[in-house]
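Asks: Starting off with a structure, shown below.
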Amino acid sequence: MLEKDMAQLEELAGNATVVPAFKTVGYHGFHKRPPYRHLSVTGQTIVTTLYLIGIIGNVAAFYILNKEKKMKHKNKKHSLMLKCLIGNDLVALLGMLIQMYVQLYLPAEISASHLSCVFRVIWRWFGLASGCLAIVMAVERWIALTHPFFYQKNVTYNGILKAILLLWSVALALVCMPFIGFGLYFDTETKTCRRYRMAVKPVDIAYAYVFFLFGIILCMGISCANLSVTRSLCHPPRSCNRVVGHRISRNFKRQVSSLKVECISSSTPGEVAFARLMVALSVSFLVCWLPQLLSIPLAQFAPSNPKSIMFFRIADILMAIHFTLDPYIYVLLHHHFSCLKVTFEWLPRHCCCIRSEEVKDDDEPSTERFTM
């Protein structure tokens, strides 16, 4: 009996020595906790392929935009917005790809560290930055079509740059609020990264809904601007028949009368194609963004429901698809299909009004021009 007890004690002692030895090796080899696989191999392959398609598309779009630097009639405003959008999406895709592989293959001591959580929050800014750029582009298109005189005089390169920087600053301030205690990003008890939508404390829940409201404003603004462009193209307003000015000559009256006929006539195929593109942009943006926003209230009411978890994953995939499609919609397809080329060339020249700097009187001196 004594020998049996001694044998059990030796076995327990052996196990006790093995565990600390494993922990010591784990500490030096960073294997205390194994990596957490949140994706199957098939899912990992699909998501990686999606990211790579987006990265390749953004790099190709950057190459095309830089190649067009020497074009004489290049629109600098459009080039600025496109470069910002493509650069933002490229960094966002690279960040999501890196985060996915860090979580899949590195130990939890690294993938779930506080520094890793900080980087996750910072990369979240690129998602909002993309929406900010999209709304600037949508409003710019809307003003160019519906208010061409105001567009020519007031919408400048510096003005667009300031608008982008202002919206980016607001988005950055919103994203960084968890660092000062308003919003959830790191659980100090479990030492793990947490998404803001999984908030439990009232102050963190309030931040989640502020984020939700900001995203809804972006979606509504982009959709309204794009649909207003579509409406203006398909149903030209009667106000375009009214021209107010000074010192209108006979030649100019003939030009105005012909312009009225143009406005009353039905939309051209180019206008219809551009209108359809605006609808497609609005629908694609809503499809990719709304699930991510709707996941915020869903996480508050049913965070552990299997259907909710599936919805969260679908929302993340749709957001990745949004970053992937941007270079193809705005740059790559534009260089291969003429119906999309109207996006950047049609608006400033074919509005239902006459630009003041282009209208001259043939019978009178060139100084007599149409003025508002």
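Numbering starts at 1 and runs along the chain as it is shown here.
Glycine is no exception: its Cβ is also placed from the backbone N, Cα and C atoms.
Here's the feature list from TrEMBL:
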TRANSMEM  45-65  transmembrane segment
DOMAIN    57-330  domain 'G-protein coupled receptors family 1 profile'
TRANSMEM  85-102  transmembrane segment
TRANSMEM  122-143  transmembrane segment
TRANSMEM  164-186  transmembrane segment
TRANSMEM  206-229  transmembrane segment
TRANSMEM  274-294  transmembrane segment
TRANSMEM  314-333  transmembrane segment
Asks: State the non-local partners of the transmembrane segment (122-143) in its own chain: residues 6+ outside its ends, Cβ under 8 Å from one of its Cβ atoms.
Replies: 77, 81, 84-85, 88-89, 91-92, 95-96, 99, 150-151, 155, 160, 163-164, 167-168, 170-172, 174-176, 214-215, 218-219, 221-222, 225-226, 228-229, 278, 281, 285, 289, 292, 319, 322-323, 326, 343, 347
Asks: Six or more residues out from either end of the transmembrane segment (206-229), which same-chain residues have a Cβ under 8 Å from its Cβ atoms?
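Replies: Tertiary neighbours of the transmembrane segment (206-229) are 128, 131-132, 134-135, 138-139, 141-142, 145-146, 171, 174, 177-178, 182-184, 196-197, 199, 274-275, 278-279, 281-282, 285-286, 289-290, 292-293, 296-297, 299-300.
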Asks: Do at least three C-beta pairs under 8 angstroms join the transmembrane segment (274-294) to the transmembrane segment (164-186), pairs 6 or more apart in sequence?
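Replies: No, the transmembrane segment (274-294) and the transmembrane segment (164-186) are not in contact.
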Asks: Sequence gap of 6 or more, Cβ distance under 8 Å, 3 or more pairs: do the transmembrane segment (45-65) and the transmembrane segment (314-333) meet that?
Replies: yes
Asks: Could you pull out which residues elsewhere in the chain have a CB under 8 Å from any CB of the transmembrane segment (85-102), counting only those six or more residues past its ends?
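Replies: The answer is 39, 44, 47-48, 51-52, 54-55, 58-59, 61-62, 65, 110-111, 116, 119-120, 123, 126-127, 129-130, 133-134, 137, 320, 323-324, 326-327, 330-331.
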